[in-house]
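Asks: First the structure, then my questions, so here it is.
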Amino acid sequence: MNPAHLLILAAVCVSPLGASSNRPMPLNLYQFKNMIQCTVPNRSWWDFADYGCYCGRGGSGTPVDDLDRCCQVHDNCYGEAEKISRCWPYFKTYSYECSQGTLTCKGGNDACAAAVCDCDRLAAICFAGAPYNDNNYNIDLKARCQ
C-alpha cells in the first residue's frame, strides 16, 4: 500500500469523526432544544426527553399530565407537517427568533419549515406553562402507557 494512502487511512481512523460514539442530533431537534431553553431557561432540555408517555421517542396510551399532553400535541403536529410534500419534521430547519423568552417564527420559511417551526414554538410555550412532575420522568412505559 502506498505510504500516503496509509497515512490518510490512519488519520480517518483516529479522527474525532471516526472515533465518536455520539451521533449528531438532527438539526431540527437542535433548534427545538434551543426553543425549549428559551422558554424554560431554569430546566435542562434533557428533562423533557424522557418524560411521560409522549415526551421523547414515540408515544402511546394516555398522557400522564399536562406536560405529557404538550408532547402528544407536538407529536400530532409533526404528523400533520409530514403531510406536506417532502416535509420531514425531524430534519427540517427553519428561521426563528428568541427574545426574552418569546419565540417568533420568522417569515421566509417555506410551508414545511413554517409548520415545523410553529409545532416547536407551540410545544416550547406549552412546556413553559405546564407543571413538571419529577415522578413522571423516565417512567415504566409498559406499565403506564398502554
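Numbers run from 1 along the shown chain.
Glycine residues also receive a Cβ, built from the backbone N, Cα and C atoms like all the rest.
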Asks: Which one of Asp75, Asp110, Asp118 goes with Tyr54, Gly56, Gly58 at the Ca(2+) site, as Swiss-Prot has it?
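Replies: Among the candidates, Swiss-Prot records only Asp75 at this Ca(2+) site.
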Asks: Which candidate, Cys38, Cys53, Cys55, does Swiss-Prot give as the disulfide partner of Cys145?
Replies: Cys53
Asks: For Cys112, which disulfide partner does Swiss-Prot record out of Cys71, Cys77, Cys87?
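Replies: Answer per Swiss-Prot: Cys87.
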Asks: Looking at Swiss-Prot, which of Cys77, Cys98, Cys105 bridges to Cys117 via a disulfide?
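Replies: Among Cys77, Cys98, Cys105, the record in Swiss-Prot lists Cys105 as the disulfide partner of Cys117.
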Asks: Which of the three DSSP states, helix, strand or coil, fits Asp120 (active site)?
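Replies: The residue in question, Asp120 (active site), is helix (DSSP, three-state).
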Asks: Applying the rule Cβ within 8 Å of the centroid of the Cβ atoms of Tyr54, Gly56, Gly58, Asp75, what extra residues of the same chain belong around the Ca(2+) site?
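Replies: For the Ca(2+) site, the extra neighbours are Cys53, Cys55, Arg57, Gly59, Cys71, Gln72.
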Asks: Out of Cys38, Cys70, His74, which of these recorded positions is nearest Cys119 (disulfide bond) by C-alpha distance?
Replies: His74
